[in-house]
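Here is the structure we will look at, set down as structure tokens.
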Amino acid sequence: GRAGAGGMSKGKDDAPHELESQFVLRLPPEYASTVRRAVQSGNVNLKDRLTIELHADGRHGIVRVDRVPLAAKLVDLPCIIESLKTIDKKTFYKTADICQMLVCTVDGDLYPPLEEQTVTTDPKANKKKDKDREKKFIWNHGITLPLKNVRKRRFRKTAKKKYIESPDVEKEVKRLLSTDAEAVSVRWEVIAEDETKEVDNHGSLTSLDISSPGMSGHKQGHGSSEHDELREIFNDISSSSEDEDERDHHDDEDLNIMDTEEDLERQLQDKLNESDGQQQENEGSNQIAMGIQKQIDNLKSKLQETQDRRKRQEDLIMKVENLALKTRLQAVLDEFKQQEEREKQQMASLQEQLESLMEK
């Protein structure tokens with residue numbers, strides 16, 4: 001049986017737990033009808049016929065209907081339900097949110113033994129104890145028959161939130177930024193979900209390498225001041241990063257091309273200086289010519305790669321419809337085109353050097 005929610009007014013000397021102002025009172029059928037009749041007749045002496053008294057634990061208590069004591073237990077409902085009030089049965093006013101129910105039984109224990117408070121120093125153990133204690137007062141059903149076992153049938157377990165302390169997050173972000181700043185090359189790619197299969201065939205789609213030989217001078221030029229700035233910003237962070245060995249193998253090749261080109265150029269210069277007015281001029285020229293040829297071959301493969309990337313980027317831009325994304329992709333494409341131009345110029349100047357050597 002069930003009686004409607006009653007508004008509770010509690011005296012000051014009652015249990016320290018303040019109950020919400022409304023809850024569902026569930027009584028055995030015969031007592032429920034007694035209370036219902038008493039409420040409907042509008043008897044002023046309802047206080048004498050129905051009393052509710054909670055024990056100190058705030059979960060057990062005694063409900064007396066016409067002085068007959070019933071054992072009561074306060075349980076938590078699966079979710080909040082609203083109680084509404086109406087005078088004309090047309091307009092309803094919300095009066096409260098209800099999330100608890102007082103269940104009364106005839107055969108229950110009027111004075112259940114209080115749990116002995118075993119205090120342990122371990123906060124985790126204490127937490128678990130509290131949790132287990134609360135579990136006893138979880139009601140698995142709704143307040144109507146179709147909602148029997150609703151908690152198990154319709155409610156999923158609450159997702160656990162993993163909180164990370166925000167200083168740690170900031171530190172991690174700074175670390176990532178600083179490793180980015182020191183990286184030889186940075187690459188990123190856009191993968192549209194329906195194109196993932198195609199993307200796999202291409203490998204990395206829009207990988208923008210900063211370490212192209214064409215940009216090498218430019219990178220060292222303004223890069224160093226940028227590095228100093230970044231070092232200042234990040235000086236509180238150790239830049240020891242485990243991610244470095246994960247750096248793409250391909251980047252190392254780029255790096256070597258870059259180094260070898262500069263070394264070769266340096267050697268070239270030295271040899272040119274040496275070979276002025278010396279007998280082994282022909283021998284030197286041959287070596288230099290070989291060096292230049294090697295550089296040209298390196299550049300050729302590099303240029304081919306850049307052209308492939310540019311092509312892929314152009315194909316991608318054709319497919320994308322999002323304007324903002326298109327603009328970003330276009331910026332990367334322009335970068336590729338510039339890189340291609342630089343590589344072509346470099347090739348041209350190397351070819352010229354080679355030809356002038358041959359003429360000598």
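Cβ from N, Cα, C; glycine included.
TrEMBL tags one of the stretches 109-138, 199-228 as region 'Disordered', and that stretch is 199-228.
Summarising model confidence by region, the domain 'TAFII55 protein conserved region' (19-185) averages a pLDDT of 86.
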